[in-house]
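See structure below.
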2 protein chains.
Amino acid sequence: MTEVEAKKPQETLQDRLAQVVELLQRHRLGEDGEYRQDNLQVEPAENYDQGQILAELQRKLDELHPADVAHILEALPLEERLTVWQLVKAERDGDILLEVSDAVRETLIADMDDHELLAAAKEMDADELADLAPELPRDVVHELMESLDAQQRERVRSALSYEEDQVGALMDFEMVTIREDVSLEVVLRYLRRLKELPGHTDKLFVVDYDGVLKGVLPIKRLLVNDPDKQVAEVMASDPVTFHPDEDAYEAAQAFERYDLVSTPVVDKGGKLIGRLTIDEMVDLIREESESEVLNMAGLREEEDIFASVWKSVRNRWAWLAVNLVTAFVASRVIGLFDGSIEKLVALAALMPIVAGIGGNSGNQTITMIVRAMALDQVGTGNTVRLLRKEVGVGLVNGLVWGGVIGTVAWWLYGSWSLGVVMTAAMTLNLLLAALMGVLIPMTLARLGRDPAMGASVMITAMTDSGGFFIFLGLATIFLL
Amino acid sequence: MTEVEAKKPQETLQDRLAQVVELLQRHRLGEDGEYRQDNLQVEPAENYDQGQILAELQRKLDELHPADVAHILEALPLEERLTVWQLVKAERDGDILLEVSDAVRETLIADMDDHELLAAAKEMDADELADLAPELPRDVVHELMESLDAQQRERVRSALSYEEDQVGALMDFEMVTIREDVSLEVVLRYLRRLKELPGHTDKLFVVDYDGVLKGVLPIKRLLVNDPDKQVAEVMASDPVTFHPDEDAYEAAQAFERYDLVSTPVVDKGGKLIGRLTIDEMVDLIREESESEVLNMAGLREEEDIFASVWKSVRNRWAWLAVNLVTAFVASRVIGLFDGSIEKLVALAALMPIVAGIGGNSGNQTITMIVRAMALDQVGTGNTVRLLRKEVGVGLVNGLVWGGVIGTVAWWLYGSWSLGVVMTAAMTLNLLLAALMGVLIPMTLARLGRDPAMGASVMITAMTDSGGFFIFLGLATIFLL
């Protein structure tokens, strides 16, 4: 495969692209937002030279929605990715940069010179600029800010002043505002004068002359009510609002719970300063669940699947190091009992079973609890009740599975007392797993930390060291 | 705590409720869809008897949005949950049943008699009925179907005929349809005659006299265009559509990628039969990520956090059993080398380190690959390239961390050859983890299976048994 690549890079690129395009669902939008059905595969043309193939590819790319081009870029290895990136029309660079994942965006920006970056960013709204700014070279950001008008510059500054997980960092500024003392007819005429409405406009924001939010006028109400009615009669005067310094994930949960499409963001004085929309919230929900999965597997952050070996090593390094320390501690626990193992070597073979089942069961408990805490279904006040339940589950599993394994151990090694020790050790380790599975996340929460943080590594460390200690300790006391 | 509960159940209920309500964000909608700021806590009133407290509670509950009542029910232990459930007004039962999780819904339905169930379901739309029907008693469903008109009954039947993960099971039937040969003015007048528009109506569906979809008219375009224009001039004539038998998760990905709010669902002949909306898609995205997390931890399904011990045991049983078998296999691998361990007991203490680091690293790899496959970023065609990268990462980690642990082993046990064996075994096991981390999900995908299915248990099984075999094997050859 490497040889073929070296000889005919473009043909390979073409194959890769065809493969990626095939992965895209058939629900494909064109650049104009309408659905495209044309076959994206470049015709297999032996008489084409490379230039023609590239031109053909470019034509196909031009027809694709920016989100799809972004998807293709993410699914291509670095070299091919940059080839395709060069084919994309310069004026679409900005839209596509906003769609790709952070890790992939970094590789694309590294490939662009300041001039290209400036051009790509010129078309962006303030909130989009703020998204991109932290990853751009300093002088490009400086030049960009210079080119903005005062209001836009202020908006970018304001968006940049919030943490990534605050509402202020996710809000946009594309809003249609109206006054409450006009008729719906006037509103309809006003809308017609706008060339187009911002995406996800399901409500208009009603403000007074100082910009203070008075209410919202859902488009649904605008459409079904008599045009002679006043906005004030029809609007919802106490809508859900957010402050820019609130937790964005809580906002996302409110969107999910109340099936919202857009909401106003107001400052402490009630002045309208921006809005949140469901598309950003969906991305956030997706990212939150993903970071949970990544975190549990000990990955620090999202990784470009085609990243270099060195980058991947750095991403995975931290948790492996933690794991190494905990594994070393478990190893020292075993070391305490080397005399017992020397006398009864069966212990060495059986001890990983006790530790392994404890780890699996503890991970089940901690996953349940962390999830329920993330959904606000339980708080630290439920600790006792949850402990009672989990200890019950641990006891049942310990007696049943411990009994099974104890019987097998008896049969294998011909010692009923070894079997009893095995059953007892498994039961005790499952109880330890249940206790720790509840107490670790509850304690982290009480300390104001993220209960998911390293939960899996911590519980496995406990059930490994604990399991070895319990099993080898019991064996030393009762068998030797 | 148990004593207090027994003596004053209502006061405890009140405390619990206060605690749950505190967990709810301040963005709380009232039943009428407007924001409520009133304090939900029932006043601490010593002079209240239980009846008065319950009446007060009921008044507070009546003001809450069904989604919030559902949330409170989910966050209460079974006994208190049923007390609150009894307080909810009968006509709201249906809305709330649709909002709670499956596990909690089961407990609520079990508490209702046929008459209550019928009353709750009477107000539901066809798609909501279809959601609920599988969990209702047979005769209730029968009676419900009898009470529907022919069109509704047909819709429920049709929705029930699709699998849970198909578009047809998630679509609703609340659509506004218009003809293409009328003016926007006529459309506006038509909308005004409707008393209200269905939720998430961001576009109207344009159909011909046979009900075949001709296009969609986004509300945005309706509002900004000249009312004298014809629908046909303004509509998008080739929108994204779905078929009812398509995979719902793919539809959710399209919603996410293209920032959609609603889309039409059409049959093979192009006839409009329903629509999908973003709220259902958000729920689906959430469920998919959750089932990934649950699956990786070896939980079969969503669990009511306050479920009984017996129910929880059943939910977790299956994966524990699988884990037991793999742990037993690993134990037998160690058993093969009991002679070596007897001679050099340090092996028993060091072997879990080799296995543990391999498991951690393998889980990192497999999580990366499964995620990238779920996002369609890689397919089986990328196997060789990904293998090359992951093997590189494994090699670096093996040499570095294996070197560290090898040095420690040398220092601890005073044998440099033991240190070298340790380093070699860790490197080899990390290479095995990298290989399997790529090959397991790729193979599952080639076989048409879900690549996430049991991936974590499988990789841990490989790196445990493999790690023990490699380390003890090398030690037996070179040290004894």
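Cβ atoms here come from the backbone N, Cα and C positions, even for glycine.
Keep in mind the model is a prediction, meaning the values are calculated, not measured.
The domain 'CBS' annotation in TrEMBL covers A:171-233, A:235-291. Residues annotated as transmembrane segment in TrEMBL: A:317-337, A:349-370, A:391-413, A:419-440, A:452-479.
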Please average pLDDT over the domain 'CBS' (A:235-291) for the predicted structure.
-> 89
The transmembrane segment (A:317-337) touching the transmembrane segment (A:452-479) per 3+ Cβ pairs under 8 Å rule | yes
Range from A:317-337, A:391-413, A:419-440 with most C-beta pairs under 8 A to the transmembrane segment (A:349-370) = A:419-440
Report, as numbers and ranges, which residues of the same chain sit near the transmembrane segment (A:391-413): CB under 8 Å and 6 or more residues beyond its ends.
-> 346, 350, 353, 357, 361, 365, 419-431, 433-435
So how many of the residues in the domain 'CBS' (A:235-291) end up helix, strand or coil by DSSP?
-> 25 helix, 15 strand, 17 coil
